[in-house]
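Working notes, structure below.
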Amino acid sequence: MSPNPTSDLSAIEQLQKEKILNPAARGQVTQDLSENIILTTVDDLHNWARLSSLWPLLYGTACCFIEFAALIGSRFDFDRFGLVPRSSPRQADLIITAGTITMKMAPALVRLYEEMPDPKYVIAMGACTITGGMFSSDSTTAVRGVDKLIPVDVYIPGCPPRPEAIFDAIIKLRKKVSNETIQERSTVMEQTHRYYSTPHNMKAVSPILTGKYLATPTRQAPPKELTEAIGMEVPPALASQKQKEEA
């Protein structure tokens, strides 16, 4: 007579349950127990908590912020990423610069960044924030890149970038946070940006605007051709010099 496999399996399961309830011998890790245990490290647990609750400080100065404001609505719903907008830099660990950074707003941006607790991250959103955009050629007040002021972790090119691009930047930032360690955060690391850290060979030239424009020879005495063309009278101090030139 062949044994019943179903009855043997139920007997084994009953025996395992009795050992768990009253272990007379050295216990073994059963399948039920292994499925309810999570093995991790302090770094992974800490990074998981931080990347799941990034609190951004919204710094919108131009039209790129309109695209970011679309994320707050129900269509995109950026709350599902754990992003909670904060109005105080002391409660935020992420600042998103959306729009043109001007010389007047640069000190305020740097101060907000310095007031944020460590570790902190920066996302540069839009062409105007990254390189100055359409204001980079002739504007006298636009900063040519926010990374001249604060270190940037993720760049989002576009004019303006779509909300989907912002989600992609958030995902890339979450991957960066997940790879960090507590030992790296405990040491003070100097963050450099592309301009000050790149060696270059530049020739120093004398300034063009020295404030002595009125002291130039052409301003002290108008050229002869100019006086003759517009019919100016020759100053008495230059009359003798004119006579010498004509002789």
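Glycine too: its Cβ is placed from the backbone N, Cα and C atoms.
Residues 218-247 are the range that Swiss-Prot records as region 'Disordered', among 158-187, 218-247. Taking a C-beta cut-off of under 8 Å and a sequence gap of six or more, Cys63 ([4Fe-4S] cluster binding site) has these contacts in its own chain: Gly99, Pro160. Just so you know, of the binding-site residues Cys128, Cys159, the Cβ with the fewest other Cβ atoms around it within 10 Å is the one at Cys159. Residues Cys63, Cys64, Cys128, Cys159 make up the record's [4Fe-4S] cluster site, and a Cβ search at 8 Å around their centroid adds Ala62, Ala98, Gly99, Thr100, Gly126, Ala127, Thr129, Gly133, Gly158, Pro160 from the same chain.
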